[in-house]
Amino acid sequence: SRCTHLENRDFVTGTQGTTRVTLVLELGGCVTITAEGKPSMDVWLDAIYQESPAKTREYCLHAKLSETKVAARCPTMGPAVLTEERQIGTVCKRDQSDRGWGNHCGLFGKGSIVACVKAACEAKKKATGYVYDANKIVYTVKVEPHTGDYVAANETHKGRKTATFTVSSEKTILTLGEYGDVSLLCRVASGVDLAQTIILELDKTAEHLPTAWQVHRDWFNDLALPWKHDGNPHWNNAERLVEFGAPHAVKMDVYNLGDQTGVLLKALAGVPVAHIEGNKYHLKSGHVTCEVGLEKLKMKGLTYTMCDKSKFAWKRTPTDSGHDTVVMEVTFSGSKPCRIPVRAVAHGSPDVNVAMLITPNPTIENDGGGFIEMQLPPGDNIIYVGELSHQWFQTGSSIGRVFQTTRKGIERLTVIGEHAWDFGSAGGFFSSIGKAVHTVLGGAFNSIFGGVGFLPKLLMGVALAWLGLNTRNPTMSMSFLLAGGLVLAMTLGVGA
């Protein structure tokens, strides 16, 4: 699956009868959804971008100077005049020069002198700013069912589907083929202040340099370089790249300050690099909060017969996925399609299946299958696939796993923020409380009771509540009632 190849992976486990779960998706992360009686899915935020954002300013990094002209007057003859002074696109400077008999003036003294030069910009030497429009930013969410096929990190799963969202998007329904339909309703949020963010892009050259950066608007507007708006042929403040020498009689030299690309690149050291793909300008941070509807999903292969246990062979022996799960792949030489008999037992309990399958109902298909992912309790275990067996030691501890999943649940609830609560009605408020409990404690509950059936969990919750009602000690009574209520809520709830 896609999530097994990413470092930032989260698990959301639906309870019995779950029809809807709430996910927090961020760039670079991936969430695996598991629910009893439903196929597992990987969901991730693939990209945040805007196509062809509006230009704000263009800066010139290297001036192109031409048509230099100088005019001078003798002392007492008035100011020197050039018609170019009144022309747009020229840079001029007035000064005083020493005049006398040696340079054709009858009087000694200071005479007026003016120099003008036409200023343009060298080709491929512009830095352009682009601004984002929050209403036009597209958030791409991808969904991939766990089909039992191994897919390498650089390959694309044939069942992968894509949904796009903006601030005004409605619910999207994706068809996952034989696995049914899944609905997505996502609220989007960028991770940057779009009003104060500019994408600074250099003209593309053959140099192997970053071409775009994500900068602050005030910093961008304060750049001491010639600038113009898109479509305007003339540069404002072109004198910033022009230097005039000291005047000598009727002569004033004009100097080009040269290419400022290196100076700009030095100033951009440490600034986040922006990713541009064609006309898509990507944001580096942001998240979406999605309500995922599972009610129309269906399990594939429930009508298959069980595979012949003696005809399996390891293709990839069990391996740690890096996400507190175990992944493996088998081949099968018998009649296809069929269901893979897979289980795991802990040391000292040979009759209790302790495997929590991330790949539900693993199957061998005519054209693939055989990839299995499972979660095992910490300690010594034996994995069985048909007649194959493999000794496995799962690192960690049950308490540590509970704390880790609870911490992630609190992080999810924090990111969802105000959207997690509905104060419009009493029913909505209590529903919000249920969702919050599932978001924070769902992973921990699954870690503790993952191998316990629905009926035992229900009876346990009822028993704890009954003890709470019949205990005379107030502290013990409240403790039993709270524990029983949580077990019942997590067992019977349909929101996660």
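Even glycines carry a Cβ here, placed using N, Cα and C.
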Checking Swiss-Prot: of C186, C338, the cysteine bonded to C307 via disulfide is C338
Determine, on the basis of Swiss-Prot, the cysteine among C74, C92, C105, C290 paired with C186 in a disulphide. C290
Stretch carrying region 'Fusion peptide' according to Swiss-Prot (options 14-27, 28-41, 98-111, 224-237): 98-111
Chain-internal residues near C116 (disulfide bond), provided their CB is under 8 angstroms and they sit 6+ positions away: T68, K69, V70, L82, E84, E85, T90, V91, C92
From the DSSP assignment alone, can you count helix, strand and coil residues within the topological domain 'Cytoplasmic' (469-479)? 8 helix, 0 strand, 3 coil
With DSSP as the reference, give the number of residues of the region 'Fusion peptide' (98-111) in helix, strand and coil. 3 helix, 5 strand, 6 coil
Closest by Cα to C121 (disulfide bond), out of the disulfide-bonded residues C30, C74, C186, is C74
Using a 10 Å cut-off, grab the number of neighbouring Cβ atoms around the Cβ of C3 (disulfide bond), all chains included. 25
